[in-house]
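What follows is a single structure, written as structure tokens, with notes after it.
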Amino acid sequence: MKLTCVMIVAVLFLTAWTFVTADDSRNGLENLSPKARHEMKNPEASKSNKRYECYSTGTFCGVNGGLCCSNLCLFFVCLFS
């Protein structure tokens with residue numbers, strides 16, 4: 001009986017802890033607005049503006065087609081640059 005009560009209290013505590021420490025998804029877009037505004041003023045601050053070199057046709061691309069200039073990787077080789 002005591003073990004059952006301890007288990008119930010532990011589950012309730014862990015459930016409450018999960019809700020308390022979880023991110024508030026309702027305000028997620030509000031928190032991104034100041035950052036986006038800052039990135040518009042300073043384009044260098046945006047990580048998405050960084051350009052990475054892409055692989056040309058015939059280059060080994062692994063399984064990630066996003067590394068190819070054409071974004072098309074078939075049998076681990078970039079196609080159509």
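Just so you know, the numbers here start at 1 and follow the chain as drawn.
Backbone N, Cα and C define each Cβ position, glycine as well.
For C69, the disulfide partner recorded in Swiss-Prot among C54, C78 is C54. Within the same chain, residues at least 6 positions away in sequence whose Cβ sits under 8 Å from that of C54 (disulfide bond) are L67, C68, C69. A coil conformation is recorded for C54 (disulfide bond) in the three-state DSSP classification, outside any helix or strand.
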